[in-house]
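Notes for the one structure printed next.
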Amino acid sequence: MAGNDKDYLFEGPGSLFRRRLWSYFKETAAILRSVADDWTVFVYILIPGLLLGGRLYYGLWKEPLPDLASRIPFAAIPLLLLAVASAGGVILLIREADVLFLVQRKRWVRGIMLRGGLYSMAAAALKTSFVFLILLPFLIRQFHESGRFAGSMLAFTIAFEWVQMWLKHLVKVQTSGWRRWLLYIPFAIMPASLYLAFMLVFKSRPVVLLIGTLVLAVFVVVLLRMRLRLRGTFMNDAQEDLARRTRLTAIVLSQTIDKPRRVRRKTWIFRRSRPLFRSVQPSKRIAGTMIKALLRHPGQRSLYLRFAVVSLPVFFLPMPSSVRVVVYAALHLLLVYWLFLQWFSFKGDPFVSLLPWPDDQSIQASMIAVQTLLFPYAVIVSALMLFNSGMATGIAAAGFIPLAAGVTWVVPQVIRMFMLNKKY
């Protein structure tokens, strides 16, 4: 029985690999269905999106390129391809239960690994080719490169991506912790630098790129043979493969479930438990506690900072004064609304709700907390709006702080009027 593969449910590693690959596709489809519950609406969005994308791509070939294309250097194309190539990884479709095969069917494990590696290389090549097709109009029409160079550039990029995939995979399954990050320097960062240098130096010599592709292809075969002969890393293989297969699940869950926070003896912000306001009024103490809680929470602090970073460059764009004022008001309204939502979440916390807060003190505390958190953002945005509006420098310098103070007082009052049904 031990020497006959027909006694098993699967006749060989090929049939088992196909079964696992099909299961992997079904798991991925199930995750996508969990994101898009209504497939009819998704199709209504997807089909016009594909038609619009096809029309835009046709315009890149037949119509004049955007003015921005003339300011893009050639180095941007290999840099984008390098970013895409560095995102690739190896999925071997190994399971923890495969340890049973190590006794009687070692050939099966090697067969599954070989097929998984070839599948990963094919998937990476398709992904890189798709991105390269998007960049191809700029390469041909903007930089006037030949089709021969474009083909050799694509082949060299795919071969480099395969080498990069296997190098990172071998480092991950054999090391951990700081040793892994240390080995990334010679096995990931340095090859990426050599790729960029090779592309820029030999961009007018496609023959050299083809020779480099052949050398990298031989190196890929050597790395694949090293991977199949590697011993003593089975559990690391299974864990790394599980991490790769569940990466999409982790991305989906990251939007709904907060990452567990490390328990620290002291926080990074407000390390001492001193009151934020000198006043001993209950409303000031409550507001200070809410501000500390928001700024100490990594998710809320990150969202506050990202909102500020994303919205500030808007005021550097050329726009009419009326539009600038509308954008200025809309950003403050949006931020204040979010801050009030964070206040209600803080007030509804099981521990905080145990405290006997009178309604009048709760309302005062909410206004103080929201206005305090809004004021730094309002100062920066008011300065950007006035200094970039063509106003005299002296007037802008004298007016942006009073403007920020007025907005900090008015906008929370306006939002509170629309949230009177909320219990403060």
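Just so you know, glycine gets a Cβ as well, placed from its N, Cα and C.
Note that TrEMBL annotation is computational and uncurated.
The following features are taken from TrEMBL:
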TRANSMEM  41-60  transmembrane segment
TRANSMEM  72-95  transmembrane segment
TRANSMEM  116-140  transmembrane segment
TRANSMEM  146-169  transmembrane segment
TRANSMEM  181-201  transmembrane segment
TRANSMEM  207-226  transmembrane segment
TRANSMEM  325-344  transmembrane segment
TRANSMEM  365-387  transmembrane segment
TRANSMEM  393-415  transmembrane segment
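Taking Cβ pairs closer than 8 Å, the transmembrane segment (207-226) reaches residues 114, 117, 121, 149, 152-153, 155-156, 159-160, 162-163, 166-167, 170, 198 in its own chain, all 6 or more past its ends. Counting only same-chain residues 6+ beyond the ends of the transmembrane segment (72-95), those with a CB under 8 A from a CB of the stretch are 17, 20-21, 24, 109, 112-113, 115-117, 119-120, 124, 127-128, 131-132, 135, 138-139, 142-143, 153, 157, 160-161, 164-166, 168-169, 188, 192, 195-196, 199-200, 203, 234, 237-238, 241, 244-245. Here the transmembrane segment (181-201) has long-range neighbours at 74-75, 78-79, 82, 85-86, 153, 156-157, 160, 163-164, 167-168, 170-171, 175, 209, 212, meaning same-chain residues at least 6 beyond its ends whose C-beta is under 8 angstroms from one of its own. For the transmembrane segment (41-60), same-chain residues at least 6 beyond its ends with a Cβ under 8 Å from one of its own Cβ atoms are 134, 137-138, 141.
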